Amino acid sequence: MATSWFSVLLLVSIVFSCFLAASAGDFYQEFDLTWGDKRSEILNGGRLLTLSLDKASGSGFRSKREYLFGRIDMQIKLVSGNSAGTVTAFYLSSEGPNHDEIDFEFLGNLSGDPYIVHTNVYSQGKGDREQQFYLWFDPTKNFHTYSIIWSPQGITFMVDNIPIRVFNNEESIGVPFPKNQPMKVYSSLWDADEWATRGGQVKTDWSKAPFKAYYRNFNAYSWNSVGTDVWRTRALDATGRRWLRWAQKYHMVYNYCADLKRFPHGRPLECRRSRFL
């Protein structure tokens, strides 16, 4: 089934190659190291980037370009060993108080525990749309591909080409959706032990520092209005929907739409409308 879904995505990429403008590969050309002093490095002639966290500071980088819709891929190898308290964030964001944002956040764990991937969507400065999943593999042993597909119709979060979440555009029922603000690609490695692991019960063990995350094979595909109408019809096929149901049934550990204590006066509007959020 995974092969089938990958084949669909590959076919879509080929079909729309005439509409897509791609940037790829060279971290020197694509990114600026924005904070952390020398804790972030670009290596191997621009093909590898590393972020590091110690007790004094974390680190981060940001894309030189902005994107308004497209597909963003990054291969990441996450912090290994006892990474409790750390967060590796990979996300799209605009700037300003009413910013839009599309988040992957990888929450560190005690050695042997599964990593949690935390997803969120902000529109016009408002987020609170969290879903969390256990990753079904050890993301510290090898590189894995994390993707955001963003169109005017919706946002899809993917792990190794498997969709784990879809957030649809529900502006027709009054739900804000990020569609007007171009966003840059960001990533950071930072200390969040007040909440990241078991709700903050497990603190960062600084004797294990420095903590390191590794990045390679960045790709960004943006499409113009010529290809948009065709792309809309190829969001998820039946195989993709089966994978989405699988991820949500067997690996989801938190869904804001199911948190009735958080929304005692009724779930958010989009939660009542869509099966896949």
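Counting starts with 1 at the first residue shown.
For all residues, glycine too, the Cβ spot is worked out from N, Cα and C.
The following features are taken from TrEMBL:
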{"type": "SIGNAL", "residues": "1-24", "note": "signal peptide"}
{"type": "DOMAIN", "residues": "21-215", "note": "domain 'GH16'"}
{"type": "ACT_SITE", "residues": "Glu101", "note": "active site, nucleophile"}
{"type": "ACT_SITE", "residues": "Glu105", "note": "active site, proton donor"}
{"type": "CARBOHYD", "residues": "Asn109", "note": "N-linked glycosylation site"}
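Where TrEMBL records a feature, it is marked here on the structure.
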| residue | record | contacts (Cβ under 8 Å, 6+ apart) |
| --- | --- | --- |
| Glu101 | active site, nucleophile | Tyr91, Leu92, Ser93, Ser94, Asn120, Val121, Tyr122, Gly127, Pro178, Met183 |
| Glu105 | active site, proton donor | Val87, Thr88, Ala89, Phe90, Tyr91, Val117, His118, Thr119, Asn120 |
| Asn109 | N-linked glycosylation site | Asn82, Ser83, Ala84, Tyr115, Ile116, Thr197 |
*asked:* Looking at the domain 'GH16' (21-215) alone, can you tell me the average pLDDT?
replied: 94
